[in-house]
Amino acid sequence: MSGKGSVVLAYSGGLDTSCILVWLKEQGYDVIAYLANIGQKEDFEEARKKALKLGAKKVFIEDISKEFVEEFIWPAIQSSALYEDRYLLGTSLARPCIARKQVEIAQREGAKYVSHGATGKGNDQIRFELTCYSLAPQIKVIAPWRMPEFYNRFQGRNDLMEYAKQHGIPVPVTPKNPWSMDENLMHISYEAGILENPKNQAPPGLYTKTQDPAKAPNSPDMLEIEFKKGVPVKVTNVGDGTTHSTALELFLYLNEVAGKHGVGRIDIVENRFIGMKSRGIYETPAGTILYHAHLDIEAFTMDREVRKIKQGLGLKFAELVYTGFWHSPECEFVRHCIAKSQERVEGKVQVSVFKGQVYILGRESPLSLYNEELVSMNVQGDYEPVDATGFININSLRLKEYHRLQNKVTAK
């Protein structure tokens, strides 16, 4: 063992973390490479060989896809989580899941350090490190992109490319096409390079999870999605009878259907927690279908006033996830409250997936608050129309008083 001890590096096999692996060895650390299989398209055995060739003492490949869906994506679906009204939080949800396993490995291997390749300007450094400090405060974090001896040596990607050539590090990225991609089961993100100019449109061929909606099939897929306690438990393709009921298989199937129809693309400028705006392009196929389907069954089954409170909690949940506070007491509290709100969110939603869109076709539930007789225009039911007169009069009092004062002020 070297003098500085062992460090568990969150390793992707890409340019940054490959260079960081070699650099950490230069600094005197024994490097344990940790690859999280979280649903990305990756040759993990090839990545293992690469890490060992670059000098990793050990390599751990951990499949965390199932726990990612059940413990992180499902709470986000229950909460209808959107950051700044558009972002479904694919990367934000993955980071605490990845970091949790990294901490487990560090504790198991007796490593005093963990490390990551997140930049000093982004959100991921915060998400990784807040998770580490929450779960294992005794473990120290090595963040090369915040260390002067690293970032002064590597001013940008070209310096990393040169370093890679010098040390025999094979990397697929070239200076001509250097935008960053980050993929997991839920989504893929694209940023940096020519995308940093928010005016530039996404280059042809950039998207990898979804078909161009204009080239998508000319007939839709009709799906029935069943929910219990706000969580999808079964999906059925009405056309061909395909059915999936385990969390991971269900999610993968929805990714396939949504991707085929070009569902889930967004191009946004968002506010990073650290204080700057950034441009990101995202594909979130299955997450987009489930967002719309869950929203529909929730509105069908949940009391109006409870839902108003829950919507506020959902906004807070999205903010906490985005800013890295998954393991905070307030986020645990919010998740608990949202789970409570979902106890009666049960039923089936029929959707059409077609050329980039998700259309709600119908819904049914044994726990619905919808009363067809009460709302009918043809049946009076347990409702006296004359009662609406008093209801309107009472609600108009506040408006009358407000405008009486406004008229008095204007008259002056």
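Note that Cβ sites are derived from N, Cα and C of the backbone, with glycine treated the same way.
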Legend entry - L-citrulline site partner of Tyr87, Ser92, Asn123, Arg127, Ser180, Ser189, Glu270 (as recorded in Swiss-Prot), chosen from Tyr113, Tyr253, Tyr282: Tyr282
Inset, instruction - Sort out the sequence-distant neighbours of Ala36 (ATP binding site) for me: same chain, 6+ apart, CB within less than 8 Å of its CB, listed by position. - result: Ala10, Glu62, Ile64, Cys97, Ile98, Lys101, Gln102
Legend entry - Cβ contacts of Asp124 (L-aspartate binding site) (under 8 Å, same chain, 6 or more positions away): Thr91, Arg95, His116, Ala118
Legend entry - Number of other Cβ atoms within 10 Å of the Cβ of Gly13 (ATP binding site) across all protein chains: 21
Legend entry - Arg127 (L-citrulline binding site) and Tyr113 (phosphotyrosine), distance between Cα atoms, whole Å: 16
Legend entry - Secondary structure at Lys165 (N6-acetyllysine), reduced by DSSP to three states: helix
